[in-house]
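To start, the structure under review is shown below, and the notes come after it.
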Amino acid sequence: MPRRGAEGPLALLLAAAWLAQPLRGGYPGLNMFAVQTAQPDPCYDEHGLPRRCIPDFVNSAFGKEVKVSSTCGKPPSRYCVVTEKGEEQVRSCHLCNASDPKRAHPPSFLTDLNNPHNLTCWQSDSYVQYPHNVTLTLSLGKKFEVTYVSLQFCSPRPESMAIYKSMDYGKTWVPFQFYSTQCRKMYNKPSRAAITKQNEQEAICTDSHTDVRPLSGGLIAFSTLDGRPTAHDFDNSPVLQDWVTATDIKVTFSRLHTFGDENEDDSELARDSYFYAVSDLQVGGRCKCNGHASRCVRDRDDNLVCDCKHNTAGPECDRCKPFHYDRPWQRATAREANECVACNCNLHARRCRFNMELYKLSGRKSGGVCLNCRHNTAGRHCHYCKEGFYRDLSKPISHRKACKECDCHPVGAAGQTCNQTTGQCPCKDGVTGITCNRCAKGYQQSRSPIAPCIKIPAAPPPTAASSTEEPADCDSYCKASKGKLKINMKKYCKKDYAVQIHILKAEKNADWWKFTVNIISVYKQGSNRLRRGDQTLWVHAKDIACKCPKVKPMKKYLLLGSTEDSPDQSGIIADKSSLVIQWRDTWARRLRKFQQREKKGKCRKA
């Protein structure tokens, strides 16, 4: 039988949706006529630039299971259909039997192919009257943006009815719309309340579409955006975007229309005439994809999900896919696709995160921060070399070998961090080279790890033979060493200190020779607490002239001496009583033994 009761543009919308139903129902034979050519992706324009795209408008209820709280036929029961002939009402009674397909009225008839010439109707048990109710619950399978909910009746329309929606797959329910001739009594709502910007996300109650007539074929159609003040600017109305979103729809029939004869003597016949019967339940809308997909598909688990584009992800394309966090996720609009943008990590990172503060500081252009930069890079964009590496300017920053190791010399360099651009290591005094691996001009290598390069003396220091004539009384003044001298525990114990020195340079200072020496090892400490490193050695000019001690530049010696005050109150003094012997490497072990014996108090016995 033809539909009646739809009004205005909504009727055209419902008609178009009804005509589209067979195509949605799955007739594979129709596909043989389809042109087998690749269709352009609606989510991108002809230049490949992203643009808003939305799935097709569908009747999302078609073919889906509806859970109902009451269905006639279990056990078989009588029902009577009321028709009007003039002013007379005529009842014709029938049997509802769930086990007989010809007499059954199952819930599947709510969402099957609706053929006006062969109506199939779901039907409830007779006379389920207020305060009892009958509910129809439909799961859409995922979030949809619902445009309308419509029901076409085989019975008179309910006197009171409510439509609810769920956004969390039936865990909680929110009112969508109320219909009643007594809104205040049934739902504690005023009838036909004005919709304003302040309450446009609230359900209202209306007494329209609640007449008892027509007795069959009546339509109730609820438009989710009709009369909502900001519907014209839906893209910029998060309130309405949330309002139309649903995963489930529930219809509650609260109160039957009656003719007032249900309490008369033959009330049993009358009560068998009052029931709810619906030939078609439609939920028109689009798969919710936030403007980032043009269709919904089945995933591996057979769940309905958006086929996301614009680098988005999620069942509703409601987040950016991994590594595309350079700006925050946004819903696409007619003006801006708001695609997610990949982080700029110069091919050195696989993960990143979004930082709102950086995004704001950049003028809302970039907020991505790269995580775990590889290939020896560092920084928010993996755009410079980490400590200990420098840029190889012959390669782009995106190259996996864009950063080279500094390779600073472990002795010549003052640290392992080099210049990020040139690779120049920080060199110690007198050291040069990009890795600090050689002595600078005017310097020569030493064996000291502290000062590996020392300045070359301008001229060799004068010796006793060249600078000062040997005094005539040297034989009576001191006894110069001749041949090889030996060291023993007794000699070691008699002296205040014992050190290995390297003579670096010498200069005359009045009656003294001032030697710059490098103390390589300390085998015995005096009161002045000698330490390794550069030190000043003072020797009286007469002692040098008499060759006691006899020293030469750039030679190493073992010096055993006594603690005396030096001319400038710094350094150490060697005199004719000091023991200065050219160094032999074999002495190191013997001197360590002397040192251990001294610690045990052996020097006091010697």
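Just so it is clear, glycine is given a Cβ too, placed from its N, Cα and C backbone atoms.
Note: Swiss-Prot links Cys546 through a disulfide bond to Cys474 (candidates: Cys439, Cys453, Cys474). Candidates considered were Cys345, Cys385; Swiss-Prot assigns the disulfide partner of Cys370 as Cys345. Separating the Cα atoms of Cys425 (disulfide bond) and Cys439 (disulfide bond) is a whole-number distance of 14 Å. Comparing Asn97 (N-linked glycosylation site) with Cys474 (disulfide bond), their Cα atoms are 143 Å apart once rounded.
Per-residue pLDDT, averaged over the domain 'Laminin EGF-like 3' (406-455), rounds to 92. In sequence order, the disulfide-bonded residues near Cys427 (disulfide bond) (Cα within 10 Å of its Cα) are Cys408, drawn from Cys382, Cys408, Cys493.
Summarised by DSSP class, the composition of the domain 'NTR' (474-603) is 30 helix, 47 strand, 53 coil. Looking at Asn97, Asn133, Asn419, the glycosylation sites in this record, the fewest other C-beta atoms within 10 angstroms of the C-beta turn up around Asn419.
Across the structure, Cys436 (disulfide bond) and Cys603 (disulfide bond) are spaced 46 Å apart at their Cα atoms.
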